[in-house]
Amino acid sequence: MPSRGCSCWLLSLALLCSLAAAKEQYHEFVIRETTVKRLCKSHNIMTVNGQFPGPTLEINEGDSLIINLINRGRYNMTLHWHGVRQMRTGWSDGPEYVTQCPVRPGQSYRYRFTVAAQEGTLWWHAHSSWLRATVYGALLIRPRDGTSYPFDVQPTRELAPILLGEWWDMNPVDVVRAATRTGAAPNISDALTVNAQPGDLYSCSSHDTAVFPVTSGETNLLRFINAALNTELFVSLAGHNMTVVAADASYTKPYTTSLLLLAPGQTTDVLVTFDQPPGRYYLAARAYASAQGVPFDNTTTTAIFDYGAANNASSAAIAMPTLPAYNDTTAATAFTTNLRGLRKAELPSRVDESLFFTVGVGLFNCTNATAQQCGGPNGTRFAASINNVSFVLPSSTSILQAHHHGAPGGVFTADFPANPPVQFDYTAQNVSRALWQPVAGTKVYKLKYGSAVQVVLQGTNIFAGENHPIHLHGYDFYILAEGLGNFDAGADTGKFNVEDPPMRNTVGVPVNGWAVIRFVADNPGVWLMHCHLDVHITWGLAMAFLVDDGVGELQSLEAPPPDLPLC
C-alpha cells in the first residue's frame, strides 16, 4: 500500500501532467461582408473570415481559447460560445448588453476562456440582432490526448460537423428591424440549410447540396448542430439508424433511433454504421412546428451521404427518409423523453431556490400609436415574456458591468419574480385577454453562490402556445421531467428522474406543457436565460440570473479585461 506522501506525490504528478497536456489556441475572427449566391440570388452577408458557415474550432478538453474578434463589418457584433460554462469568465460569454457592450465597427475584442470538464459538440454564434443567421460555426471538444470516447464502439472516423440553418432571400437584420418597427411577426425564412447549402429540392439549387462521402462498413461519429434562428427540426438519414451518444456536450446512454429532434441551440452526437447497399442516401430536415396557425418555413433541406461505389451513377434515385408531420408532438416527445444521462446524476439533494417560470407569447396593446407600429393581431404589437416580464436590453452599459461596478441604477433591477404574478389555467384554450399583456423591464433574479436551484418552466397558451427551447448561459442543468398540461407539484414531482436525467444547456419546453430543470449556482456572474427562437427573444422572452461571488478568488468573477468594449 503506498504511503500518504507517495500518494500525494503521484496526485501532484498527475495534476502537472494534466496541466501540461492542456493547450492554448489563438484565432483571429474577422467580421466582414462576403458575397454568396443561394437560390439564384447574390447577397452580401456578414461572415467570419469570409467563411459560411464560419470556422470550426477543434480543441481537447482542458484547452484554452483566445479569439480576437476584429469587426470590419457594418453592424455592432458580439460572439457567444454556446454551451461553454465560462467558469468565472463571464466577460467572454458574449450576449450584447448583458455581459458586454457590443464590438462596434472598426473595433476589436479578445474573448479568453478555458473549456474544462466538457466534451462533445458545442458551437459559437453572433449574439447581436439576427446576425447569427450567417455568423456561426462548430466548436468540437474531444477528450484529452490518450483518452477514448466512453462508447462501446469507437468510431472509425468523424465526419465534418453538420450545421443546420435558415436562409433568407434578404438581409436578416432588415427582417428583424422591420418586425420591431411594425410590431408584426417577421418574415419566415426562404430555405433551410445543411452546412449553408439548401439542397437540391429547392428551385435553382440543384448544385447547392452538401455531400458527405462515407465508406461501406465504417461506423462514423456525426455531430449535429441546429443553428437555425426560428425553426426546430426533425432530422433523418434514409436507410440508416442513428445511435445518440451525446447531447449538448454531455454524454448519454446509447439510444438508437431513426429520427432526431433538434431545437435551435441544441447539439446531438450520433454513431452511424454505414451498412446499407452502396448508393446515395438523403439526410433530410424539416420543421417541427408546434404552434397552431402560425406561419413557418415548410420546406425541406437535404444533404447526400455518398458511398462512392463505382456503380453509383449520378442519375440513380437517391433514397429519401420519411419525416413526421410538421406538428407531430408525439414524435418530438418520444425523442426527448428517451434521452438519459450516461452516468448517475450528481444531483443536489436539497433545493434552496424553487422557482416557477411561465414562458410564452403575448401582445402589447397599442395606445396613441400609428397603424404602422401596431402590426400585430387587432392593432397590437407582439410580445413575449417570462413570468409576465418582457425583457428589455439596456443600452448605456451591460448588466454585468453595472453589477461589477456596483451601479445598477438605471440599468437593471434585482426584482425578477420567483413566480408568475397571477396563477391561472396556463394551457387553457381561451386564456383571458386581461392576461395577454406583459410588463416591460430589465430585471434579474439574484442567487447566492452554491445554491441549488430548481426551475419549473411552464408553457402558456396565451397566444399560440408552442414548444420553447430555453437556453441558460453559463450552466448545464439536469432535465428532471417534462409533461403536457399544467405542472402539478403533487402529482408530477414523483415523475422526476433523479437517477440518470440528461444534462443539457437548452431544454425544449413542450407545447402547452412543462419541463423541470435543476442546477447548482457555482458560477458567479450574470447569466442570460432565454428562448432560442430568435423571434421570441426579440419580443422579450428572456431573463437573467445574477449569481453572487462566493468565498475567495476561485469562487469570484474575474476582473474585467482591459479591452472590454465601451457602450
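The backbone N, Cα and C atoms fix where each Cβ goes, and this holds for glycine too.
Site annotation (Swiss-Prot): Cu cation 4 is bound by Cys531, His536, and the candidate from His405, His468 recorded at this site is His468. Within the same chain, residues at least 6 positions away in sequence whose Cβ sits under 8 Å from that of Asn241 (N-linked glycosylation site) are Thr256, Thr257, Ser258, Val272. Put simply, His536 is the one of the recorded positions Asn298, Asn365, His536 whose Cα lies nearest to the Cα of His82 (Cu cation 2 binding site). Cβ contacts within 10 Å of Asn76 (N-linked glycosylation site), excluding its own Cβ and spanning all protein chains shown: 20. Highlighted in sequence order, His80, Trp123, His127, Arg132, Tyr136, Ala227, Pro264, Gly265, His471, Thr506 have their Cβ within 8 Å of the centre of the Cβ atoms of His82, His125, His532, the residues recorded for Cu cation 2, and are not part of that set.
Each residue in the domain 'Plastocyanin-like 3' (415-551) has a pLDDT score, and their mean in this model is 97. Rounded to the nearest whole angstrom, the C-alpha distance between Asn378 (N-linked glycosylation site) and His532 (Cu cation 2 binding site) is 27. Across the glycosylation sites listed here (Asn298, Asn327, Asn365, Asn388, Asn430), the residue whose Cβ sits among the most other Cβ atoms within 10 Å is Asn388.
Cβ atoms within 8 Å of the centroid of the Cβ atoms of His468, Cys531, His536 (the Cu cation 4 site) belong to the same-chain residues Val359, Val361, Ala384, Pro469, Ile470, His530, His532, Leu533, Ile537, Leu541, site residues excluded.
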